[in-house]
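Residues annotated as domain 'Helicase ATP-binding' in Swiss-Prot: 164-334. The ATP binding site feature in Swiss-Prot is assigned to D177, E178, V179, G180, L181, G182, K183, T184. What Swiss-Prot records for 280-283 is motif 'DEAH box'. The domain 'Helicase C-terminal' annotation in Swiss-Prot covers 492-668.
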Amino acid sequence: MSFALGQRWISDTESDLGLGTVVAVDDRTVSLLFAASEENRLYAKHDAPVTRVMFNKGDTIESHEGWSLDVEDVIEEGGLLTYIGTRVDTDEANVVLRETLLSHQIRFNKPQDKLFAGQIDRMDRFALRFRALQNQYEQHKSPMRGLCGMRAGLIPHQLFIAHEVGRRYAPRVLLADEVGLGKTIEAGMIIHQQVLSGRAERVLIVVPETLQHQWLVEMMRRFNLHFSIFDEERCVEAYADSENPFDTAQFVLCSLDFIRKSKRRFEQVVEADWDLLVVDEAHHLEWNQTKPSREYQVIEAIAEETPGVLLLTATPEQLGHESHFARLRLLDPDRFYDYDAFVEEERQYQPVADAVTALMSGEKLSNDAKNRITELLSEQDVEPLFRIIESSAAEDEQAQARQELVDNLMDRHGTGRVLFRNTRAAIKGFPQRNLNLMPMPLPSQYATSMRVATMMGGRMTDEARAMKMLYPEEIFQEFEGDSATWWQFDPRVNWLLELLKENRNEKVLIIASRASTALQLEQALREREGIRGTVFHEGMSIIERDKAAAYFAQEEGGAQVLICSEIGSEGRNFQFANQLVMFDLPFNPDLLEQRIGRLDRIGQKRDIEIHVPYLQGTSQELLARWFDEGLNAFGETCPTGRAVYDKFADAIIAILATGKSDGLESLIEESATLNKALKSQLEQGRDRLLEVHSNGGDKAKEIAEQIAATDGDTNLVNFALNLFDTIGLNQDDKGENAIVVTPAENMLVSSYPGLPYEGCTITFDRETALSREDMNLISWEHPMIQGGIDLVLTEGVGATAVSLLKNKALPAGTLLLELVYVVDAQAPKQSGIARFLPKTPIRIMMDGKGNDLSAQVEFESFNRQLSPVNRHMASKLVNSVQKEIHGLIDKAEISMEERLESVRTDAEKEMKAALNSELERLQALKAVNPNIRDEELTQIGNSNERTIWLYW
């Protein structure tokens, strides 16, 4: 090492000091001043851990005055370097810049500059960086991107709808699955895909106020999408940042009532630029041809300004054909412009549905059925398929011919592209519901307090009185005080204790209407029998609820009982339990179905036991009988329940308000008759073609199988743990597929993306994550992985490395140079270019003669043969072969250009094939089905042209 005053060096061990200047040299030591950090360092001259900073022709360097110079020549004189070139800011030529006057805060951005400046990283970090690039590329190319990372079971019909809709440009669809089939999850998967692909950057979700928390939790816990709830208070706070408060967040969640009640907020929502609008409970948007409701007009105004719209409703169109048309009108007002025309068009589609029913039955096709199919499809297309169906061909061949006819008929279906509806009748695998009604005597304490409350009721409305009489424990506490221990004499509590003792090995979910009841029940179970239980109510934070749910889910040492309030249980499902206790009853059938739906969902493997204790001679008994005998709402899902309730609401409320059974028998009889008629109407009106289209058939199963095959990916596990090690996160293996990850003091960064300050528990196993709500399911799409990859690539981790290869077949001193180039097409995310040309790593390995060995030498096997070198020694080795490395980099550039051309060509072919195929299919469909939107065709055509232009 030769030192001279004024030379510039960089520390190998403390690169954050900046660029140092030699200020003193003697026989044994050298002293450097690091002006940027105002530090001095004294080193032993013969082995100083520093590297000389030398720039070359073509580099751009910065002076201490702030201007930059494009280097055209380098002169060395007296051990000091002088750079000559052109100033970037003034274009002045032949400008001289001595190395002593270089910027003290110089940064090395190119990997080769870092290498020559001694900023050399470890080999394991270089390997991590390459794997990060490789995995990022593979994930962007995956056709399942956006579907693999959700914390949800792999339900085929949900995955099919999400896959079908999520890839569209600005999807505008109606999701109308029956209760319990997962519309919220379908919407979340679509949102997730749209966000990951860049098609949607700003999303607005509008829901009823009572469902805000449910949506917030579902989006965060299942999809790692962090929405902000906007109310008046949040809007006022946001004024400091923007005139329009809705511009201050990318993902916004608010209630329909909030927007409807304030003209100002409504106008601000409409003015904000949204990419995707999601509306839950869309059947509440009332409409008729003369006077649409205010709620409908609000959503209509937002939908007109928003490219993508998802409407969610569980109400079948047969129960309100006009409102069904109104929802479709929100999606495409040009297509659905006239109700009478729509009714006539729907009537014309009936033969299509009849033909599909005939095909799917597997029975011999009648002449009528064949004639109907021939009217809808061309004769030359169907005749060969008819011959196969009627021949003695193998069953598989016949089934394939029937399926091909069904597929062709689907393309002509009126609303098949904008409407998806799955029914329990069409999707198998749901458990039985077993009802256990438990009548109990009314305690005298309750009888007295209820009698007094009735006398003191004054001008209370019938509805308020009916609601009050359902909860006698609350009436008792009104007179005796909040501390009154009603649970000491309530027979429902004694019965519950016996039930829990008889079923000690079962998890039991208890739901009560009020949070106060839930809390006092937990106290009663704990104090009277020492039963392990936990509560779940709206007064708890999301983290507290997660912990309670996790405690309940825990198999060993967990809670036997989870006691929920009505609101607190929204959006939470506990399929691992099959025992449901309704300590009291909700006021309407929708809430009753919501309660049972906590357990009765796809994924439930056992029959559900529904226990309903009630006090005889009270409103509880009357309501239980009406739900059971009038609706059969306990025994099966009741899509007609709300319609029946609305019809008889006045009579129901009047009976519940008095607590007397006068008129109950006739009410039950009339309700049962109407319920049966409505269900029959639903069954007759079932659109089997739509159901077949919505559940996806074999294609849906293939999607589920593809995703299942990626679960438990050992490559992901190894990469994630290696990533966490490199960043410096603490990892504590807790067993049961669980690892606790927490921030450490000496991390590479101050905070890690996606990791809370207090840390979190992670798992790579989907089933574990589904049963443990306190765990994060780690996938390639999780923020901790995506954020970690971005961190590695942006922070320069592993940009350079030096290693030794111990191989007797190679002579000592053999130089191998491994380079990784990244093809990065700069374009807006919305362009969709990442689908065909994501960031693509090109690996080149040069031997000393300039031959590219990358095809013969695979990265991982080569990496396993390498031994680490300390940084100081690595810097010396690099300096000794710096000239050779420069030459090899020049040759590698030529090889890279050839490979780049191949990458471009392949991407262009793939893009043309995909987009042209998609465009041709949609154009052909538009000829027979007007539900293909012109905007979608235009967008695909524009994407095609724009993407070709971007490549060249």
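One-based numbering along the chain as shown.
Including glycine, each Cβ sits where the backbone N, Cα and C put it.
Annotated features taken from Swiss-Prot, shown on the structure.
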{"residue": "D177", "record": "ATP binding site", "contacts (Cβ under 8 Å, 6+ apart)": "H157, K183, E186, A314, F420, R421, N422, T423, S694"}
{"residue": "E178", "record": "ATP binding site", "contacts (Cβ under 8 Å, 6+ apart)": "A314, R421, N422, T423, R424, T637, P639"}
{"residue": "V179", "record": "ATP binding site", "contacts (Cβ under 8 Å, 6+ apart)": "A314, E593, Q594, G597, T637, P639"}
{"residue": "G180", "record": "ATP binding site", "contacts (Cβ under 8 Å, 6+ apart)": "R424, F430, G597, D600, R601, I602, T637"}
{"residue": "L181", "record": "ATP binding site", "contacts (Cβ under 8 Å, 6+ apart)": "H157, Q158, N422, T423, R424, I427, I602"}
{"residue": "G182", "record": "ATP binding site", "contacts (Cβ under 8 Å, 6+ apart)": "A152, I155, Q158, R601, I602"}
Non-site residues, in chain order, whose CB comes within 8 A of the mean position of the CB atoms of D177, E178, V179, G180, L181, G182, K183, T184 at ATP: A314, N422
Protein Cβ atoms within 10 Å of K183 (ATP binding site), excluding its own: 23
Summary of DSSP states over the motif 'DEAH box' (280-283), given as helix, strand and coil counts: 2 helix, 0 strand, 2 coil
Overall pLDDT for the domain 'Helicase C-terminal' (492-668), taken as the rounded mean: 90
For V179 (ATP binding site): DSSP state (helix, strand, coil): coil
Local Cβ density at T184 (ATP binding site) - other Cβ atoms counted within 10 Å: 21
